[in-house]
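Chemist: Quick paste of what TrEMBL says about this protein:
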- GLU50, ALA51, VAL243: FAD binding site (BINDING)
- PHE345: substrate binding site (BINDING)
- 34-440: domain 'Amine oxidase' (DOMAIN)
Amino acid sequence: MTTALIPSTAGVARAKDAATVDAIIIGAGYAGGTVARELALKGLKPLVLEARNRIGGRIWTSTFAGAQVEVGGSWLGPQQTLIHKELNRYSLTTFEDVAAEQVILPGDQGFQSHSPADAYNSIGQLFGEFYAGSENYFERPHDPLYRSDLLASVDPLSLADRLGQLQLSPTELKWLNSETSVYSGGPSTRGALTGMAQWIQLSGGSYGTYSTTMSLRPTGGMTAALQAMFNESNADIRLNSPVKKVTEANGLVTVETAAGATFVSRVVVVATPANVWKNITFSPGLPAAHTQATTQGIGVPHATKMWVHVQGNVPATAAQAGEGSPILLMVPQQQLSDGRLFIAFTGPSLNVANAADVRAAVQQFLPGANVLRYQAMEWAKDPYTGGGWGLRRPNQLLQLFPHIEQPHGRIVFAGSDIAKGWHGAFIEGAIESGFRAAGQAAALA
Ligand SMILES: Cc1cc2nc3c(=O)[nH]c(=O)nc-3n(C[C@H](O)[C@H](O)[C@H](O)COP(=O)(O)OP(=O)(O)OC[C@H]3O[C@@H](n4cnc5c(N)ncnc54)[C@H](O)[C@@H]3O)c2cc1C
């Protein structure tokens, strides 16, 4: 723990004017919240600097059409134990999300409706072939490098490479590449096979068990547990405080915000998305793995989540379309008195600013649908995300790990993008990395 008096040391920017704190956490998402709570439990009082005017980052519970909605992450799986421990700790509950009554899939001639059981059995069998062997190269999925000998030949493969190895009909290819391109945030050439294969093995090895990661929603919204963590931490949270500079010298780290405020501590945790580390000036400069991660990006380049309100009594329809389509995946949400809500994950080909294009894209799945309103969040254009959810690129697993988890002097890194287990697209990974980072930070404080 630091003391109140910090000497004015050369190389520490304006240290003598700066407020001195036990630990500084940059970013108030689930990773930052976990670090704040865990450091508080170790007797430290952290300062949290958050760029936005809210906590949550890629989690954002809001409203649309009078209903509570999630602009970022929505769902939890029963197999994600860390978030469930947090929900239990704060007496928060979950509920099962709306189940699809029909599934619209591309067929040989246009879209066709299937029963959910038929659709997901067929897709599940194909994904079974797709992920064959992952039980070996991810023998211990929480310890992804355990079989690095086997990973050497798998890590370079993109999701598209793996699709190309299978004997798929054009229709089967669309059934799989709708999902691989959604997660890749663009073409399936971008996402690594090891990224999605690890999630499958973390889920128990099958597409069916993995699908449950989209089954549960927390009552009170995805932000509720994070708010409870920050409440317990009693941390000093400064919103609207984007950090622009982090300088370490003489055993101290100085953090400077865009507005010019400076804070000093013996340890700093950077809990921002990896894609935006490059927007902060680090001195000394970041190590090679961190530079590679922020330059190449782990957060995907296209991640647009759209809420759509379709008039009338509409069947709970799930839909998928092949790579390149305007909407790649549509998920039914609640029926309201005047219409049903849907979540749509769009592809880069849809201009969400054009209402006519959005309506036409929805009508591909629901002919004649009257779109009353919609709202789209283009996460990859957000300056404090710089990408969407995370999904590793080919080769990043072996090139970045384990270096990416290591502190850089007195600077520690956290975030779902660099989690060992549920990396990238899950708050489970943000929490996991937060526990690891809190341990590292406490040792340096
Ligand atoms: C559209 C979408 C859907 C998703 N769906 C799901 C889902 O269904 N289930 C699930 O579990 N996960 C989902 N995810 C992933 C999940 O949201 C993330 O994995 C998780 O929220 C990341 O938490 P984090 O703390 O690592 O990062 P973030 O939540 O991104 O938090 C980082 C924080 O750092 C702040 N920051 C950035 N730069 C600075 C700076 N210079 N100074 C100060 N602060 C800064 C940001 O404003 C942000 O608040 C989804 C993500 C997206 C985008």
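Including glycine, each Cβ sits where the backbone N, Cα and C put it.
Remember, TrEMBL labels are computer predictions, not curated facts.
Given the structure is predicted, the values throughout are model-derived calculations rather than measurements.
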Chemist: Which residues, same chain and not among GLU50, ALA51, VAL243, have a CB within 8 angstroms of the centroid of the CB atoms at the recorded FAD site?
Modeler: ILE26, GLY27, ALA28, LEU49, ARG52, SER241, PRO242, THR257, THR272, TYR384
Chemist: So what's the mean pLDDT when you look at the domain 'Amine oxidase' (34-440)?
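Modeler: So the average pLDDT across the domain 'Amine oxidase' (34-440) works out to 98.
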Chemist: Give me the long-range Cβ neighbours of VAL243 (FAD binding site): same chain, 6+ apart, Cβ under 8 Å, in sequence order.
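Modeler: Those within reach of VAL243 (FAD binding site), by Cβ under 8 Å and sequence separation of 6 or more, are ILE26, LEU49, ALA51, VAL255, GLU256, THR257, ALA258, ILE280.
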Chemist: Of GLU50, VAL243, PHE345, the binding-site residues listed, which put a C-beta under 6 Å from ligand 1? Please answer none if none do.
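Modeler: Result: GLU50, VAL243.
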Chemist: Just checking a number: largest C-alpha distance across GLU50, ALA51, VAL243 for the FAD site, rounded to a whole Å.
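Modeler: Output for FAD binders GLU50, ALA51, VAL243: max Cα distance 8 Å.
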Chemist: Give me the CA-CA distance between PHE345 (substrate binding site) and GLU50 (FAD binding site), in Å, as a whole number.
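Modeler: For PHE345 (substrate binding site) versus GLU50 (FAD binding site), the Cα atoms are 27 Å apart.
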Chemist: Across all chains shown, how many C-beta atoms besides its own are within 10 angstroms of the C-beta of GLU50 (FAD binding site)?
Modeler: 25
Chemist: If you run the three-state DSSP split on GLU50 (FAD binding site), which class comes out?
Modeler: coil
